[in-house]
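The structure's right below; bear with me while I get my questions together.
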Amino acid sequence: MSDAPDKPAGKAPPKPFTVHEGQRQIRSFVLRQGRFTPAQQRAFDQAWPRFGLDYEGRPRDFDAVFGRAAPRVMEIGFGNGEALRFAARQDPSRDYLGLEVHAPGVGRLLNALAEDGSDNVRVYHHDAVEVLENEVADGSLDEVRIYFPDPWHKKRHNKRRLVQPGFAGLLVRKLASGGRLHLATDWQDYAEHMWDVLDATPGLENRAGARGSVPRPEWRPQTHFETRGQKLGHGVWDLLYDKARDS
């Protein structure tokens with residue numbers, strides 16, 4: 001990462017926000033801006049007003065944002081937006097919120113959304129924890145998806161992983177009763193870590209049973225990232241959790 005990463009015109013890089021775990025703070029991301037292609041820059045300039053949501057730090061009326069009341073899905077860390085774009089096209093009856101801090105990935109998705117003419121997707125270029133804490137009402141998300149988060153595979157970096165007890169508790173708060181949490185990883189060690197955290201989180205029930213995973217659901221396409229991992233010999237683990245209806 002360069003000392004002065006490129007960023008979209010008129011938009012400052014997002015600030016890291018943290019969930020406290022005792023004396024330690026969990027960051028939901030490490031800023032990696034990268035470089036824009038001309039098409040991605042144009043997408044930011046032209047499509048952000050239609051599809052982008054600027055962080056405001058106060059509760060947001062998403063029914064007003066989308067112009068309707070519909071089941072709401074949030075994808076955290078959507079990368080280049082392959083899975084989010086696929087889902088929005090396959091199921092237009094749902095509204096989708098995408099969160100990503102890597103600016104070129106946001107630009108690529110914005111470009112795709114403009115091509116598709118999709119109106120059921122809105123995008124944040126901001127830290128997920130801060131958005132969840134301050135803009136999303138408790139019990140308002142029907143599903144949260146987290147696909148291939150950074151595994152931070154070196155042991156000394158494990159504490160930087162997104163899936164931690166405090167973050168899991170935050171997700172439970174934001175999910176509706178009976179809502180679904182879907183995660184995917186191609187690192188077995190991270191899958192084990194997810195089971196350790198999520199199987200022990202009050203209010204979450206592993207649909208496959210303790211330390212269980214499921215075959216890739218039809219709503220998650222095989223992404224470029226996943227294909228690359230499989231070429232390296234990585235397996236893929238899909239974890240599905242439901243929020244208990246009495247939580």
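The backbone N, Cα and C atoms fix where each Cβ goes, and this holds for glycine too.
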Under TrEMBL, the annotation region 'Interaction with RNA' belongs to which of these stretches: 6-11, 156-161?
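In TrEMBL, the region 'Interaction with RNA' feature sits at 156-161.
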Per TrEMBL, which of Glu56, Glu75, Glu192 sits in the S-adenosyl-L-methionine site along with Glu100, Asp127, Asp150?
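Matched candidate out of Glu56, Glu75, Glu192, per TrEMBL for S-adenosyl-L-methionine with Glu100, Asp127, Asp150: Glu75.
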In whole Å, how far is Glu226 (substrate binding site) from Asp127 (S-adenosyl-L-methionine binding site) when you measure between their Cα atoms?
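One finds 23 Å between the Cα atoms of these residues.
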Just the number: how many Å between the Cα atoms of Glu100 (S-adenosyl-L-methionine binding site) and Thr223 (substrate binding site)?
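Cα-Cα distance, Glu100 (S-adenosyl-L-methionine binding site) to Thr223 (substrate binding site): 16 Å.
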In the three-state scheme derived from DSSP, which category covers Asp127 (S-adenosyl-L-methionine binding site)?
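The three-state answer is coil.
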